Amino acid sequence: MPPPPHIKPENVLKRAQELIAVGQAPAALNVLHEHVTSKRTRSSPIASLEPVMLLFVELCVDLRKGKAAKDGLYQYKNIAQNTNVGTIEVVLKKFIELAEKKVTEAQAKADEIQSSLESAAPSSNVDDLEAIETPETILLATVSGEQSRDRTDRAVVTPWLKFLWETYRTVLEILKNNARLEVMYQTTALQAFQFCLKYTRKTEFRRLCELLRNHVQNAAKYSAQMHAINLSDPDTLQRHLDTRFQQLNVAVELELWQEAFRSIEDIHTLLSLSKRPAKNVMMANYYEKLARIFLVSENYLFHAAAFSRYYNLLRQSAAALAAGQGTKKENPSVTEADMTKAASFVLLSALSIPVISTSRSRGALVDVDEVRKNKNTRLTNLLGMASPPTRAVLFKDALNKGLLKRARPEIRDLYNILEVDFHPLSICKKITPILKQIGADPEMEKYVLPLQQVILTRLFQQLSQVYESVELKFVYELAQFPDPFQITPSMIEKFIMNGCKKGDLAIRVDHISGVLTFDTDVFSSAKALHPGSAAGSAESEVGSVQRLQNTPAEIARLQLTRLAKTLHVTCMYVDPSYNEARLQAKRAALARAEAGAAKEHEETLARRVIIEKKKEAATDALQRKQREEETRKRIRTQQLQEAEKQRLLDEHREREKKRIKDEQDRIRQQELKKQLEELKTGVKGIDISELDLNELDANRLRAMKLAQLEKEKNELNDRIRTTAKRIDHLERAFRREELKHVPEDYEKQKQRDMEIYEATKAEALKEAEDKHKEAVALKHRLSRLVPQFNSFRKEVSEKRHEEFEKRRKAAERDFEAKKMQRIKEVQERRRRERAEREEEERRRKEEEERIRREEEERTAKEEERRRVLAEEKAKREEERKRLDELAAKQKQREEEAEARRAARRTGGAEPEAAPERAAPTERTAPRLNLAPRTGGAGPSWRERQAAKEAAGGTPAAPAAAAPEPAREEPAPVRRTGGYVPPHLRSGASATPAAPAPAPSTERYVPRAMREAGSSQPPSRTQTPGSSSDKPEESKPAAGKWVPRWKQQQGGQ
């Protein structure tokens, strides 16, 4: 049953538009909200519900009702997501566009207000010039003197910015984890990122990142839901990666490094889930942003490692593009300048890695190694490296790839000064111009401070190898850097204290004497006491520091090692048996190792087989368990879906029943109210306040209305009758009094009309005279111009006539030319048509001739065919005649044989009488006696045939000859069936001289008729002559059927 008309979406939309037209937008929003969130709306068609939703979101944006919009959009998504996803996208896009438009309008309004305030400020009126600085103005200036723009934005723009942010968050919540709305979800997320970047909303950006992160985490949790996203799908994962890369770019632009690092972790997690390799252009962006993050966090080691990975990716992309194995869309476009810049940054970042640790805690004394190890492992995984990077490994990799040749010259010189030819006494002089060049580049300027730390570390390490103590002034002179990168003595002392705290330096500062003393106690070396102190350093290799000479501490520490080596060499030369014993022990160990290797190998193989079997068994059990679990889960899901479907169906039915009942009650109440209102407004005298709606019905209201209308009609008739009587008397009195004043009024009217006529006539005459005078004056003025006008008109006419003649002649020439061309065209066309007609006539004649020839050929063929058929027919006729003759001869022979057999049968009584040979008759095919024979009753067919032939006689015998007694013809057997002509129906009068020809065929006579024709049929041995004593003349002709009464008449 369709919903009632007043709850259709079209009617709701019309009602809302009417409320908006009268300025009641909140009421219209309430109407739309109630309709959208109603359960009845689920059965409405989407095509009629979409305009309602568009108007609904428009009103929500205008009135800033975010919560109402969220409720309505959630309901609309649940209704339309299974039928039409496009309409959801249309509504949500409209929602976002309206919110963005409101923000733009608010900004324009704020700019207008600010410009008006700025323009009005200089020209403001001051009441008292001596009291300009009142306490109120001072307080206002203190509080908001320079904040007028901010206050305007907070009052006008900020509420709409908040609403726009709520819009983005609402749309993302509606679209989350829905595979059918995934593209719209990603598009909205990108728009939200641009919103945060455009308006520098850092707090909202953090919340947005957390929101998207929660959505991805919940995707696996709700994977069993309908339309859930599948991160295993490559396209879905690619869209999420694109969104995260945009998130990373915006985080870097907003300088939210913590969020950028978390975005990097999100990207790494998604990349680990992806089955297809990421594009080189995406990974280049990934490593570039990761390098910037590490640089901001002052983690120069991983910053250099990220730049190294970035350079490797650029080199691979350039090689792929050069080989034609990739596209420019998937690989970043790289030029030679880009490669040089990247190589310079890789080398410079590697040089900026601190030689000693820059952290504030001491690794050997505080248990932070495990935490630092876990952190380094995480960062290594983000870079996709197998092991944590080190300074030496990065330099080795850079040298192997030839980065020194690609890098800029000043970077190459810097590498040679710091890593190849480091001289502490001239380091600052050599490096000053290089630092100036690096400082002039804004991108490289940030590496100056870590380079200074590396230079100071190298400086103090090599000074400690050469000197035991140096003056502070000497150190300050050595550590001179160019402006503006100059470092102060306090900075140098702070660096020394930090190195000593970490155990990387062993230096004492004596401010009284102004001397730096390097620790020379051979048993108190910080490195010797705390060998794990380098755990937190970026440099853990022993040979990384350039060794000018061994320090006393190293000499003391390595003394036992040198002594052991010397004694070992001495023993080898002094006692040869010592070397032999060593060799024998070595050979014995090798033999034992070889003997045990095979056994160990077999045990290893057996253990491997056992492990593989256990793994296979565990895998099979796990797969079986997973399949069983999936089966149970699928069955449970199906049961839940069926139960939910049944529950929804039952609820829908109950709701429909309740809705129909409620609608019927509501319609009835509305109809009653409508009738009461009509009764109240249309009929007077009825008090409806005392009526109860529950006790009323339509019939009672109709009766009340009719009764009241009848009452009013009677009252009206009475009033009309009374009023008409009063009006008649009054009108009669008025007319009687009026007759007295009519003549006087007529004379006055005539006088007024005459006066008006005279005034009008005088005015018309005066206007005519004035116009005449003006016309005469104008004629006198213009009469002086008549000669000039005539001459000018004559000249113009002559010129126009000459031009006309020229154009006429030209037109005639053109006409003649076109006429001749047309004549030629017509002649050509006629000639062509004539040729076509002749050609057509020729083709027609040829076609007729061909048809005539074909007809003649067909006729000849037909005549030939007829002739052939006639010849064949004649041949067939001759053949048929020949066959007929043969058949006649065969028949004659059969008849003769039959006659002989009959004669032999009849010759049993009188053997001496031999029957004469019957004349040959036309032979016919034998007839079969199909009637059954029982007990010898009735003659056989041979007997009947013989009787027939005997009854027929021979035509050659003379008619007057008397037959011999022995040759008396037997009485013919009565035959049935057969037509007797009228001239043969006389019976006894028929003469036997001209018997009728015997029929060539014999009809079948049923047994019953044969028995009915003769009560005592002749036996098989009875002769035809003994069956009847009647003369031959009284018998009918043989072969013809004679009725029984005819036979009886003939017998009589």
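Glycine residues also receive a Cβ, built from the backbone N, Cα and C atoms like all the rest.
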Have a look at 2-31, 92-121, 482-511, 542-571 and point to the one annotated coiled coil in Swiss-Prot. 92-121
Please identify the range among 617-646, 707-736 that Swiss-Prot labels region 'Disordered'. 617-646
Would you list the DSSP helix, strand and coil counts for the residues of the compositional bias 'Basic and acidic residues' (617-632)? 16 helix, 0 strand, 0 coil
Residue distribution over DSSP helix, strand and coil in the compositional bias 'Basic and acidic residues' (794-901): 108 helix, 0 strand, 0 coil
Averaged over the coiled coil (580-906), the pLDDT of the predicted model comes to 88
